[in-house]
Amino acid sequence: MVKLGFVIAEFNRDLTFMMEKLAEEHAAFLGADVSCKVMVPGSFDMPLAIKTLLQKDDIDAVVTIGCVIEGDTEHDEIVVQNAARKIADLSLEFGKPVALGIAGPGMTRMQAEDRIDYGKNAVEAAVKMVKRLKEIQ
């Protein structure tokens, strides 16, 4: 059984809550176990929590769940670009999958509501990567 850790952003919680629930349901459907959940203020705050989970022996992969909505400045782009870069770096550093389930940047609230399946898709990617990496090790 694949053991997942979830790192969930509290910012735009109404949306990340729906993303989280879909992700949990899909994990159960795939036979994966969500062993640990960590809530962080926002997507930019995820890397430290991800690193902590990746250090645990009982976590095979981490799924990120966040939603960054466009504002009047380029803040959303900076947040997502930096978070995504660090997330990829951590995956490579620890040799474990970290799936990007962050919706955004450059999206309106309405678009965000249409993209709540990003968490589900991240679970799918994480589980597939764990299984495929085990095949080649």
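Even glycines carry a Cβ here, placed using N, Cα and C.
Other Cβ atoms within 10 Å of the Cβ of Cys67 (5-amino-6-(D-ribitylamino)uracil binding site) number 28 in total over all chains. In the three-state DSSP classification, Cys67 (5-amino-6-(D-ribitylamino)uracil binding site) falls within a strand. Per Swiss-Prot, 5-amino-6-(D-ribitylamino)uracil binding site is recorded for Phe11, Ser43, Phe44, Asp45, Cys67, Val68, Ile69, Leu100.
Among the features that Swiss-Prot reports, (2S)-2-hydroxy-3-oxobutyl phosphate binding site is placed at Asp72, Thr73, Arg115. Annotation for Asp72 ((2S)-2-hydroxy-3-oxobutyl phosphate binding site): no same-chain Cβ neighbours under 8 Å separated by at least 6 residues are found.
Under the DSSP three-state reduction, His75 (active site, proton donor) is assigned to helix. Annotation comment: Swiss-Prot describes His75 as active site, proton donor.
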Where Ser43 (5-amino-6-(D-ribitylamino)uracil binding site) falls in three-state DSSP terms: helix
C-alpha spacing of Thr73 ((2S)-2-hydroxy-3-oxobutyl phosphate binding site) relative to Ser43 (5-amino-6-(D-ribitylamino)uracil binding site), in angstrom: 17
Cys67 (5-amino-6-(D-ribitylamino)uracil binding site) versus recorded positions Thr73, His75, Arg115 - nearest by Cα: Arg115
Site with most surrounding Cβ atoms, counting all protein chains shown within 10 Å, from the binding-site residues Val68, Ile69, Leu100: Val68
